[in-house]
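J.: Here's a structure for you.
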Amino acid sequence: MSDPRRYEAEVGIIGGSGIYELDALTDVRRVRVSTPYGDPSGELVLGELSGTRVAFVPRHGARHHILPSRIPARANIHALKSLGVRQILGISAVGSLREDYAPGDLVVPDQIVDRTRADRGATFFDQDVVVHVAFAEPYCGRLRQLLIEAAGRATMATVHDSGTYCCMEGPQFSTRAESEMHRRLGFDLIGMTAVPEAKLAREAELCYAALCLVTDYDCWFDGHEDVTAQAVVDVMRRNSEAAKATLTTLLAKKSVDPECACQNVLASSINTPLEGLPDRAVERYALLLGKYLPASA
Ligand SMILES: CSC[C@H]1O[C@H](OP(=O)(O)O)[C@H](O)[C@@H]1O
Ligand SMILES: Nc1ncnc2[nH]cnc12
């Protein structure tokens with residue numbers, strides 16, 4: 001297996017249902033990365049897309065064998081950061097909770113409602129150090145704009161520039177009553193994976209935005225089939241070229257901004273004095289807190 005440090009990447013891409021590889025990558029290397037939070041969803045694929053070094057990981061694993069509640073999101077994001085990644089693009093299949101967001105459309109969501117219930121490992125800082133990051137805007141606004149522009153240029157699909165993603169626990173899809181409740185609450189999209197991925201990207205000081213492909217109308221819309229897993233993957237396979245074309249267009253221009261506010265969010269988020277931390281914390285958080293740790297730590 002290759003040494004990951006030889007193939008630094010700038011941009012991380014997390015693939016969702018139906019997107020288990022990026023065939024446009026060139027100069028491909030596969031690496032195994034271990035982290036203080038366990039193993040990522042599988043090997044990370046390093047390569048070049050439109051002249052940008054990227055690292056790709058399919059969140060459910062290459063065989064789609066990891067359920068949403070058990071995705072090792074902390075390990076995925078820690079591994080990407082350890083490879084040098086400064087920003088992450090998450091690709092997701094979503095159900096639509098409104099008529100005008102139709103199957104085949106692309107959505108770049110701007111808000112998230114967390115309705116998960118399981119302990120998904122929603123923070124890196126689970127011992128010795130207390131961190132509360134600002135999350136009013138869960139996605140990087142700068143990266144969202146780049147994604148919206150790229151999707152508009154790269155595809156014929158309708159692109160929606162906002163939407164509230166409701167993250168449910170699953171793995172079962174919603175009941176009709178739940179789907180109707182989600183609509184009444186004003187949510188636009190339903191999925192199972194935005195949380196904790198977006199929270200962890202913020203804690204890791206990485207810019208993060210999501211490109212969502214609408215695959216279905218969940219189960220609220222009379223005259224449309226109720227969602228099934230097979231239908232989601234079929235629609236994703238048919239439309240995955242739109243997501244890939246968007247990524248190719250986005251990455252053709254420089255998209256990383258080391259001065260973006262996302263990249264320094266911990267400066268105002270750490271409650272615990274970092275002097276005198278136990279060695280285990282210094283070791284656990286070396287990658288995430290390194291620039292804030294006193295020289296003596
Ligand atoms: C395969 S249907 C349900 C599955 O699809 C979505 O996953 P992802 O966001 O990774 O594309 C949804 O959140 C569920 O995990
Ligand atoms: N209707 C739906 N509910 C939850 N997750 C989904 N992913 C794609 N469609 C979905």
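Cβ from N, Cα, C; glycine included.
The feature domain 'Nucleoside phosphorylase' is assigned by TrEMBL to 11-251. Summarising the annotation, TrEMBL assigns phosphate binding site to Ser17, Arg59, His60, Ser92, Ala93, Thr193. Per TrEMBL, site 'Important for substrate specificity' is recorded for Ser174, Ala229. For Met192, Asp216, Tyr217, Asp218, the entry in TrEMBL reads substrate binding site.
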J.: Considering only the recorded positions Arg59, His60, Thr193, Ala229, which possess a Cβ situated under 6 angstroms from at least one atom of ligand 2?
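T.: The qualifying recorded positions: none of them.
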J.: Return only the integer: C-alpha distance in Å from Ser174 (site 'Important for substrate specificity') to Ser17 (phosphate binding site).
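T.: It is 17 Å, counting Cα to Cα.
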J.: Measure the Cβ-based neighbour count of Asp218 (substrate binding site), defined as the other Cβ atoms within 10 Å of its Cβ.
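T.: Around Asp218 (substrate binding site), other Cβ atoms within 10 Å: 23.
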J.: Any idea what DSSP makes of Asp218 (substrate binding site), helix, strand or coil?
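T.: SS state of Asp218 (substrate binding site) = coil.
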J.: Which has the fewest other CB atoms in a 10 Å radius around its CB: Arg59, His60, the listed binding-site residues?
T.: His60
J.: Excluding near sequence neighbours, so keeping only residues 6 or more apart in the same chain, what lies with its CB under 8 A of Ser17 (phosphate binding site)?
T.: His60, His64, Ser92, Ala93, Thr215, Val232, Val233, Met236
J.: Give the distance between the Cα atoms of Thr193 (phosphate binding site) and Ala229 (site 'Important for substrate specificity'), rounded to the nearest whole Å.
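T.: That comes out at 14 Å between the alpha carbons.
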J.: Kindly point out which of the recorded positions Met192, Asp216, Asp218, Ala229 have a C-beta less than 6 Å from some atom of ligand 1.
T.: Met192, Ala229
J.: Whole-number Å only: compute the distance from the Cα of Arg59 (phosphate binding site) to the Cα of Asp218 (substrate binding site).
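T.: Checking the Cα atoms of Arg59 (phosphate binding site) and Asp218 (substrate binding site) gives a distance of 22 Å.
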J.: Assuming the binding residues for substrate are exactly those in the record, Met192, Asp216, Tyr217, Asp218, what is the maximum CA-CA distance in angstrom, rounded?
T.: 15
J.: Considering each pair of residues in Ser17, Arg59, His60, Ser92, Ala93, Thr193, all listed as binding phosphate, report the largest CA to CA distance in Å, no decimals.
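T.: Largest pairwise Cα separation, rounded: 12 Å.
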J.: With H, G and I counted as helix, E and B as strand and the rest as coil, say where DSSP puts Ala229 (site 'Important for substrate specificity').
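T.: Its secondary structure by DSSP: helix.
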